[in-house]
Amino acid sequence: MRLRQVIKRPQTELRHENPYQLLVAVMLSAQCTDARVNQVTPALFAAFPTVEALAAAEPEDVLPYIRSVSYPNSKARHLVAAARRIRDEFGGAVPSSLKALESLPGVGPKTARVVASVAFGVAALPVDTHVYRVAHRIGLVRRARTPREVERRLKRQLPSHVWGEAHHLLILHGRYTCTARQPRCAQCVLTDLCDHYRRLQRLPAPLTGLDPRQGRYFCKRCRRYFDTPVYRTDRLEVEQVSCLNCGSLQVFDAKTGCSTRRVPDYRVR
Ligand code: SF4
């Protein structure tokens, strides 16, 4: 994998020292950034250093430590409930199997896979929003509807001993280079392999000399201005602005001169 050359440490960025801390950090990271989680966990782990300490607490005791992460109330409830389950059913040790991890309150398939893979070396390839987006953009998978589908297809292409590494490489590539809003293609080592990059290169160049007073859009084919577009879904299932008069997709924003053509992008729905 070419990403290995540029991402020297394909590891989780969630700071942790043991499986308990990793589980807590991953649970907190749902719908939240790793950087934010890393800000709150030092004080949280100091106050509740073990599964037993967290299990003995009430959610209201935990809440002040995690108030700045997303969904703090439900996460506080889930953390305490998960710790109690680990204490009562697993002897106080975070379980290593996916099935046991998924049985914990607040632990879904993705969290279970991250913990199992990172803490216990279980072969897993969790798909989060970054993995989902990057895998589609590069073209490793095409039109997969769900993260589980992306996971299945990636696993078919890769030997199991690199699944964990692939997960981290794709996450870190998505976090720092192939970002959601503005991928940094100029700094990317994958341009020659990437479907998304190829599509971006094929977009029509901007037109100059358009007059926005004549209309919001300009159709290059019939050379007319218009204000109200009709929308057409192209073969890649992207809704495109099309010309009111001739139906062409060769439409440009009269103010900026830029083509209105959009390339498909990929968000977990
Ligand atoms: S070339 Fe651009 S779109 Fe493709 S993987 Fe690299 S950053 Fe992402």
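Using the three backbone atoms N, Cα and C, a Cβ is placed for every residue, glycine included.
According to TrEMBL, Cys185, Cys188, Cys194 bind [4Fe-4S] cluster; the candidate from Cys178, Cys219 that the record adds to this site is Cys178. Cys188 ([4Fe-4S] cluster binding site) falls outside any helix or strand according to DSSP and counts as coil. Once Cβ contacts within 10 Å are tallied over all protein chains shown, the binding-site residues Cys178, Cys185, Cys188, Cys194 are led by Cys178.
Across the domain 'HhH-GPD' (28-176), DSSP assigns 101 helix, 0 strand, 48 coil.
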